[in-house]
Amino acid sequence: MEMPNHRQQFAALVQAQTTVISALPYLIGCAFAYYYYDHFNLGDTILLFIAVVSFHLAVNGHNQYTDYRRFNHSNAINSHNNIIANFKIHLSWVRVIIAGLTILSAAIGIYLTIKAGWILLLIGILSFLVGYSYSGGHHPILKTPFGEPASGITMGYNITLLAIYINIYNLPTFDVDFWLKGLVVALPAILVISNVMLGNNICDVKEDIAIGKRTLVYHIGHKKSLTVLITCYALSYLFIVIAVAAHYLPLWALGSLLTIPLVYQRTRVFVTQPDKATTFFNVLIDLQLILVSEFFFIMLGIIWKLLIFK
């Protein structure tokens, strides 16, 4: 087998393909801020985006590192999930990557906190604590039934909230209720991101039990877990409708409902035969279908608004 190069090792370690999971809530938050508050801070938005993605990749790397340290010598975890061993990545290089990404994210966060205020720091600290506790410590969140909501809230809500705040903090009349409006807008992202974790745990339930993980799937069972997955997709569309009805999002955002047949088909494939290698990618595509279409139609609404009221 050919030795993976450094680029392949890096991409595998930090799961670079999952960057979209943090990027889409951020873009939706920015689009909401511009549509609802008519305000956008380009420079700060770019800097915070770099910090968010860096932290996301650092957490992924940390998850891989802690799993390797715990389970490398266990036959319970297969080579597909043992990224560090499978890609022959030196632990010293792993630690350097995690530290570098964390420092970059923290440095940008400190700079923006000085500029934008303590709310940014508060959200950042909460995200850091959840990110570390997710796989670190003696009782990591990923081994509990709270892994799904923890990932959904941290990535779906906190990232959306950061994107909103960085674009409105310097408004003359700051909206103190932005967090509540942000929650309504972020709920579709919270739900579909939680579904990624849930789908992953559905596929890995036997292996998870063998290594001591007592996830939501373990507690409620296979059938109910699939019901929760389907319900979350239905609710994600419902909250898009609610956000439009509350005038937080443009009427155009209802265009994302056009993806319902596609999401239904892919969800049906996964529910019929949940498998990490052959059907799990449908869960990832469902996330992109819902959130990309939501962002796309919000942007169309913004363009329409600019054309009408220019």
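Any Cβ shown, glycine's included, is placed from N, Cα and C.
According to TrEMBL, the protein has these features:
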type     : residues : note
TRANSMEM : 12-36    : transmembrane segment
TRANSMEM : 42-59    : transmembrane segment
TRANSMEM : 93-112   : transmembrane segment
TRANSMEM : 118-134  : transmembrane segment
TRANSMEM : 146-166  : transmembrane segment
TRANSMEM : 178-198  : transmembrane segment
TRANSMEM : 226-249  : transmembrane segment
TRANSMEM : 287-308  : transmembrane segment
Seg_contact(the transmembrane segment (12-36), the transmembrane segment (226-249)) with at least 3 CB pairs under 8 angstroms, min sep 6
yes
Can you work out which residues elsewhere in the same chain, 6+ from the ends of the transmembrane segment (118-134), have a Cβ less than 8 Å from its Cβ atoms?
55, 58-59, 62-63, 109, 112, 140-142, 147, 150-151, 153-154, 158-159, 161-162, 165-166, 169
For the transmembrane segment (226-249), which recorded stretch in the set 42-59, 146-166, 178-198, 287-308 gives the largest number of Cβ pairs separated by under 8 Å?
178-198
